[in-house]
Amino acid sequence: MPLLLPHLIVYLLLVTVVTGEILRPRFYSETCPEAESIVRNEMKKAMIREARSVASVMRCDGSVLLDDTPNMLGEKLSLSNINSLRSFEVVDDIKEALEKACPATVSCADIVIMASRDAVALTGGPDWEVKLGRKDSLTASQKDSDDIMPSPRANATFLIDLFKRFDLSVKDMVALSGSHSIGKGRCFSIMFRLYNQSGSGKPDPALEPVYRKKLNKLCPLGGDENVTGDLDATPQVFDNQYFKDLVSGRGFLNSDETLYTSRETRGYVKRFSEDQGEFFRAFEEGMVKLGDLQSGRPGEVRFNCRVVNRRHVDVSLRDS
C-alpha cells in the first residue's frame with residue numbers, strides 16, 4: 001500500500017469554532033445518526049487507496065477548503081501551504097457520501113474534525129469522542145495562515161510562544177507535534193539542516209551521524225527538493241516512535257528535533273518516548289482543545305463544501 005502521508009508542519013489543526021457556538025458529542029444523533037460512521041468508512045476507503053491521504057486530512061482546516069474569489073484571497077497559496085497541500089478530494093468524497101444520507105446537514109468543519117480523529121485511530125492511535133456542531137467560516141485569510149503556521153526551521157521557543165497565543169500549553173504543543181508520527185516531509189524542508197544550519201555551512205550538529213548520511217543520500221545538494229522522507233521510523237503507524245527518534249537525534253525537521261534539544265520541552269519528549277499511553281492521553285487532550293478554538297468569524301450552519309472545486313487533486317496537504 002503506497003504511503004501518502006503529508007508531514008504535518010501544522011501543529012495547529014485550527015478547525016475553528018465561530019464565537020458563541022456550543023459544541024457537544026453526538027450532535028447529529030437525530031439529524032444524521034450515521035454521520036460519524038459514514039466519515040470513518042470513507043476514511044477507510046481513502047486509506048486503502050493511499051495511506052498518506054488519511055494523514056493529509058489532519059492538516060486540512062475548514063477555511064483552507066475555500067478557493068480564491070474576486071473578494072477573498074484564500075489560504076491554499078499561503079507560505080505554509082503552497083506546494084504542500086493535498087487530499088482535498090478525501091473531504092469531497094466524505095461530503096458527497098454525507099449529502100446522500102443527510103442533505104445540507106453536516107458542516108465541512110465538523111467533517112474535518114471527525115476525519116482527523118479517524119486518521120489517528122485508523123493508523124493505531126487513540127480514538128476519542130469528538131464534540132460537533134461547528135458552523136463553517138464564510139471567509140478565509142492567507143495572512144492568517146502565514147501568521148499561524150510555523151516554519152520547519154522554527155525552534156521550541158517560537159513554537160511555545162505560538163501555541164500560547166491559543167491558550168495551549170507546552171505539554172499540548174509537544175503532544176500535538178506527535179502528529180508527525182504519521183507522515184512524510186520534503187527535502188526542501190531540511191536542506192538548510194543538512195548543509196547550512198544557521199548559516200554555518202555545516203550540518204545541524206543535533207543530527208545523529210548515521211541518520212544524517214541517510215538524509216544526505218535522500219536529499220543531495222542540487223537534487224529534487226520535492227523528494228519526501230519519513231518523519232519517523234514507523235510512518236504508517238501512529239505511535240510514540242516519533243519521540244523515540246527525537247531522543248536518538250533522528251528528528252526529520254528542525255522544528256521536531258528542537259523539542260528534544262531545548263530545555264523547556266525535553267522532559268515531555270522523554271516522557272512520551274517512554275510511555276505511549278501518556279502521549280496518547282496528552283494528544284487527545286490537545287486535539288479537543290484545538291477543536292474548541294474560537295475563530296470569531298461569521299459562520300453558517302450548512303455551508304456546502306462543494307463550493308470548493310475539484311482541482312484539489314493537483315494541489316499538493318502540507319509536507320507531512
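Cβ atoms are placed via backbone N, Cα and C, with glycine included.
What TrEMBL says about a protein is an automatic prediction, not a curated fact.
These numbers come from a predicted model, not from an experiment.
For C32, the partner cysteine in a disulfide bond according to TrEMBL, taken from C102, C108, is C102.
Candidates considered were C187, C305; TrEMBL assigns the disulfide partner of C219 as C187. Sequence-distant contacts of C187 (disulfide bond), defined as residues of its own chain at least six apart whose C-beta falls under 8 angstroms from its C-beta, comprise L218, C219, G223, D224, E225, N226, V227, T228, G229. Sitting within 8 Å of the Cβ centre of D232, T234, D239, and not among those site residues for Ca(2+) 2, are the Cβ atoms of S181, I182, A233, P235, V237, F238, N240, Q241, Y242, K244, D245. Here the CA atom of H180 (heme b binding site) lies 10 Å from the CA atom of T234 (Ca(2+) 2 binding site). D239 (Ca(2+) 2 binding site) sits 32 Å from C32 (disulfide bond), counting Cα to Cα. A simple way to gauge crowding: the CB of H180 (heme b binding site) has 30 other CB atoms within 10 angstroms, across all the protein chains here.
Listed in sequence order, H180, S181, Q241, Y242, D245, R250, F252 are the same-chain residues at least 6 apart in sequence whose CB falls under 8 Å from the CB of D232 (Ca(2+) 2 binding site). Figure note: comparing Cβ neighbours within 10 Å for the disulfide-bonded residues C32, C102, C108, C219, the maximum is reached by C108.
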